[in-house]
Every structure is written in structure tokens, then in C-alpha cells.
Amino acid sequence: PKKTPHKSSTDVSTIFSGTLGSKSNPYQVHHTPFLFWVLFCFVVFFFSHRHLEKKYDKACEFCKKHKTRIHYVIYGILITAYLAVVIAACSLNFQRALPLFIVTVLAIFFICWDFLIAKYEDRIAAFFSPGERYLEKQWFWLKWVLYAAFIIAVICWLIFDTAKQGSRQLISFGGLVLYVLLMFIFSKYPSRVAWRPVFSGIGMQFILGLLILRTKVGFAVFNWLGIQIQTFLEYSDTGAKFVFGEKYMNHFFAFKVLPIVVFFSTVMSMLYHIGFMQWLIGKVGWIMQIFMGTTPVESLVAAGNIFVGQTESPLLVRPYLPYITRSELHAVMTAGFSTIAGSVLGAYISFGVSASHLLTASVMSAPASLATSKLFWPETEKPTVTLRGGLQMAKGESKNLLEAASQGASTSILLVANIVVNLISFLALLAFLDSALSWVGNLFDYPQLNFENICAYVFMPFSFMMGVDWEDSFIVGGLLGYKTFFNEFVAYERLSKLIHNRKKGGSMYIDGVKQYMTVRSEVIATYGLCGFANFGSLGLVIGGLTSIAPSKKKEIAGGAFRAMIAGTVACFMTACVAGMLTVPGLEIPCHILLGNTFNSTDFPANGTEVVECCQQLFTSVNHSQEIFPGGNYSLSSWKGCCQILHQPAFHCTWIKF
């Protein structure tokens, strides 16, 4: 029998003959030159691909050729969109959008400033060069005129301010003068002291303090910054809650304070990556260099210590460290001892210490560190690093923002571990010392002897000269001892307990021991403790700087202890300026203050705050036409106020003395 071919089979020859698609086989392609279409598609794809490659190459070449213009167009679109958002926000609610408006104005100002300096720096320098040459010729007598004018202005201000606020500010001023004299007496080269950095640094301290603590705008700005930082730091609670659980606050220090250090370190690393921190430090350093006449290296390091730690800020000028003089090296170390790092700033704020005062102290201590450094170790050599165009600051090693965030978090591990082990060891050592001293004191019928009492007696004169109230100088002296011999973490932790006791109210004295201080004393203590000047940091600075600049090992070891003393005095001078300018309101509620005053034999009864509270009490009675007070005021408070103010019978006859 004859085999029937399969219906799906197709003669290969028919493909090339073009006769596909006979009616006898419905599965075949009908009237379609299959190979022709395949070849046609291949040719079209080949030529179109070549055409697209040429177009892509032309587009890339165009972008490279007009790269700058394209960037300008993109930046212009983004800036226009941002300005549109700012205008819309201001038009809806200007008060709510005021911080955004201020930040925008400042950003526009500094962008324009940097553009003009970069493009027309030579022309600007040539324009001001005649005035600069004239000042150089007349500077010998002009500087003394400026110094005299500054001193006379401060004295006049003190006279009027003392007449208005009281005499407590004079003690702080006397303390400032005393610290300057002590630094001059024990200076390395007293006859070689250049007074411009000294007076300029103190002047910058005073002006900054005056703007921040005495003007409504300055106080409001720094108070707003403090609130924003507190709010920002609270975002670390999200990560802490996720890792440690809902009850993480039960272990406050480990699970609340230390995560803030990690979070702040991450943010600082990101700001370094985008170049913001280098820009900000450069601007602050340039201002100090211009006004104080210090060299670029020491000015930049002092500015950097406002934001970063004492071992991180020298990294900004690492290539120049082998070439700096001994006086500059001393200034670099002093700047590290007289300020605190931004990473631990958040931890102190979480303790309950005022954020605005900590920020102010960090800013004011930067010029103070240069002033004390140049007074304690004057310049006797010719500086070799005097770049007119500014130093090239080191940049971060991260390649993108995420890597910078990861590196910042990883870097904080060592910092957190260092904080933990130091606190464990120092507090254990402190407990042992207190026990041993109590045993020794018990032999002489004085079991109250402990480390804090010894430090209090040693540092009590220094705290009083800062302007601390005499009743509180013993407590502040103990805090200064903790800070010097252990670290500022222990001191701020003790200060936070005193602040919390004051806010809770209660008796100021229990068994003759004061439980909290006045607000003025708290503020001065906050400024006096705001620095890394302690014996633990001494070894850290020597090891860190030696690894960065091995050729300076001998100079670093020889000048580190003097730098620590200079950093301590810089913090004390900042506290003196704060004592001159701080005018706190009523420190505790009037009903608590009057109750403490007239119910305790240890409490001074005729203070200014007591008189103000009594006047407020009787004023409220006059306004309300109410004779019997009620509320929170006790009979003893009324009796005491009647005796102090000698009120008429209308107020006091109903009280039986």
C-alpha cells in the first residue's frame, strides 16, 4: 500500500520557491514569503540599531559639551520649585513658615557670598587693600584705642547693669579678670603675649553671650534651636523601641541615652559627606581668623570642635599638622579640651540639661579656647601654614549617602563602648573611694568625708568666682571635681538630678543638706562643665594626635597637660561671661518658695525672690478684691510676707500673730 504523507510536512524546496500555502494543506502559511520577512526584519533591526547608536553617541556628546548649562537648567528648575513652595507656605501662614523663610534667606545670602568671593576675590582684595594698608600703618596706636574703648564700654555696661540687676554680675566680672591674670602669671612666655587674640576672644565671647542671653531675638533663636534639636533627637526613640522593646525607658541610660549618640553620629557623618559640615566649619573658622588674628589651622580646629570631638577635628587639617608651631599645637589641643562633641551633646540634653545653654556654651567656648591658649602659650615662632585662600579640608571616604550613614553608625560603636566602660569603671572607682574616705573620716568622727566633699573644698573658690551663689558654690565645686578627675558625663548626670529636684519643688534643705540650686547656679554650672578637660581625655588626646602626626610626638606629650589646664580655664571664663549676662526669672513657683522660706530655719528669709513673690501675692489680692487667699499659699507664707513688706491692716489684721 502507498504511504500517505503527514499533513504537517512541508517540502523544503517549496519554501525557497515561494509557493507555500496550497489549498490542500491548511496548516501551511498562505502566500507569505517567510524567509524574505525574516531577512527584512534583520536588515531593519541592524540599520535601526546602528542609527540608534549614532543618535545615542550624539546625545552623549551633546551632554558632555553642554554639561555645565544642563546642570544650571536642572538647578534652576529645582530652585524655582523650592522658591515656589516657600512663597506658597509664606502666603498661607507666614508665622508658621518663618523658620523656612529665614533658612532660605540665609542660604541665598551665603550662596551669593561664595559666588562673589570665588569669582571676584582678587578685585575685592584690591578694593580693600588701601584700607588694609592704612590700618597696618596706624595699628600700633589704634589697637590700644580699641582695647581702651572696649574696656570702658564693658565698665559702663557693668555700672548700669549692676544698678538694674544687682551686684551678682560683678562677682562674675571679677572672676573673669582673675582667670586672665592667673593665666598671664603662669604663662609659658609672659613677655611674648600677643594681646589681640586674648581681648578679641573675650570680646567675641561677650558679644555672643550678649546677643544670645540678653536680646529677645538671640534668646528666641537659640531657644528655638534647642527645641528643634530636642525634637530631632527624639526620633532615635523609634529605633530604640524597635530593638529593645516597649519598655526600653526602664533602662534609661543604656536604651535611651546611648541610641542618641548613635543617631547623632550617623547624621554628622551624612552632613560631612554632602560637604555641609566642612562649609560651616570653614565659615566659623574664617570669622575667628579675621577677628582674632589667629592662624588658619588653629582657627579651623577651634571651629570644628564646636561640632565634633577633640580627636576628629584635627583630622580636618591633617596634612598641615607636621608643619605647625608649638603654640599652634597647644591651641589645637586646648580647643579640644574646652568644648564638647555634638554626638554627646544630645546625651546631655536627654539628661534634662538646657539645650539652648549647651549650644551657647559650645559656641562661646571656641573663641575662649584660642584666647586662653595664646595667653598660656604665646607664639614665639613664625607660622609656616599661612594660606591666604584657606585650607583644603579633608573629605569623607564614603562614596554615597547611604554608605556615609552606615559608616557614621559603625563609628559610633567605639564611642558608645568607650562611654559605657568609662562610666562603669569610674562610678565603681568613685564608690570605692567614697567608702574608703568615709572609713578614714570615721576614725576622726567625720563619716561624711567623701570624694565630692574634697573636690567641693578644692573647687569652691573657683565656682564662687564664676558668679555661683555662695550657698551653691560647694555643690558646684563638687561637680567641677567630678568633671576634672572623672569626666563630664558623671558631672552632668549629677547636675541633672539637682535640676529634677528643683522642678519637683519640695524642701530645699533636708537635714541641713541642700537638695537643689538656684537657676542662676545651674546655668553657670552648665557652662563651666561644658568641656572635655579631664584626665581621661588627656590620654585620649595624646594618643590620637600622636597617631595623626608622629613627628610631633614629643611636643604633644610636653604640652598636653598645659592644654588641659587652659581648656579648663576657658570653660571657667565662659561660665563667668554667662554669669555676667544671665538674668533668670523666678526659679521655683512662688507658693513653694514662700513655703520653703518661712517653714525652714536654714533658708534665708529676705532674698530678692522672696520679696518679689510677696509683692505678687498682695498684688493678686488687690486685683481680685479677696482678703483670704486660699489656694496653695499657707498661713506661714502670709505671716512672713506681712512682716517683710509691712502691709496695711486691710491685708494683715485677720491674721493672728
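Glycine too: its Cβ is placed from the backbone N, Cα and C atoms.
Helix, strand and coil counts from DSSP across the domain 'Concentrative nucleoside transporter N-terminal' (175-246) read 61 helix, 0 strand, 11 coil. For 175-246, the entry in TrEMBL reads domain 'Concentrative nucleoside transporter N-terminal'.
Among the features that TrEMBL reports, domain 'Nucleoside transporter/FeoB GTPase Gate' is placed at 254-352. For the domain 'Nucleoside transporter/FeoB GTPase Gate' (254-352), the mean pLDDT of the prediction comes to 85.
The annotation domain 'Concentrative nucleoside transporter C-terminal' is assigned in TrEMBL to 357-579.
Residues or ranges marked as transmembrane segment in TrEMBL: 34-52 (among others).
Sequence-distant contacts of the transmembrane segment (72-94), counting only residues of its own chain at least 6 positions beyond either end whose CB sits under 8 Å from a CB of the stretch, comprise 100-101, 104. Feature annotation from TrEMBL assigns transmembrane segment to 72-94 (among others).
Annotated transmembrane segment per TrEMBL: 100-118 (among others), in sequence order.
Beyond its flanks by at least six residues, the transmembrane segment (139-160) meets 169-170, 173, 195-196, 199, 203, 206, 580 of its own chain at Cβ-Cβ distances under 8 Å. Summarising the annotation, TrEMBL assigns transmembrane segment to 139-160 (among others).
The transmembrane segment annotation in TrEMBL covers 166-186 (among others).
Sequence annotations record features per position, and here TrEMBL assigns transmembrane segment to 252-274 (among others).
Taken from TrEMBL, the feature transmembrane segment applies to 286-309 (among others).
The feature transmembrane segment is assigned by TrEMBL to 329-351 (among others).
For the transmembrane segment (412-433), same-chain residues at least 6 beyond its ends with a Cβ under 8 Å from one of its own Cβ atoms are 253-254, 258, 261-262, 265-266, 343-344, 347, 450-451, 486-487, 489-490, 536. Residues or ranges marked as transmembrane segment in TrEMBL: 412-433 (among others).
Residues annotated as transmembrane segment in TrEMBL: 524-548 (among others).
According to TrEMBL, the transmembrane segment annotation covers 560-581 (among others).
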Cβ under 8 Å to the transmembrane segment (100-118), counting only same-chain residues 6 or more beyond its ends: which ones?
82-83, 86, 89-90, 94, 124, 283
Looking only at the domain 'Nucleoside transporter/FeoB GTPase Gate' (254-352), how are its residues distributed among DSSP helix, strand and coil?
80 helix, 0 strand, 19 coil
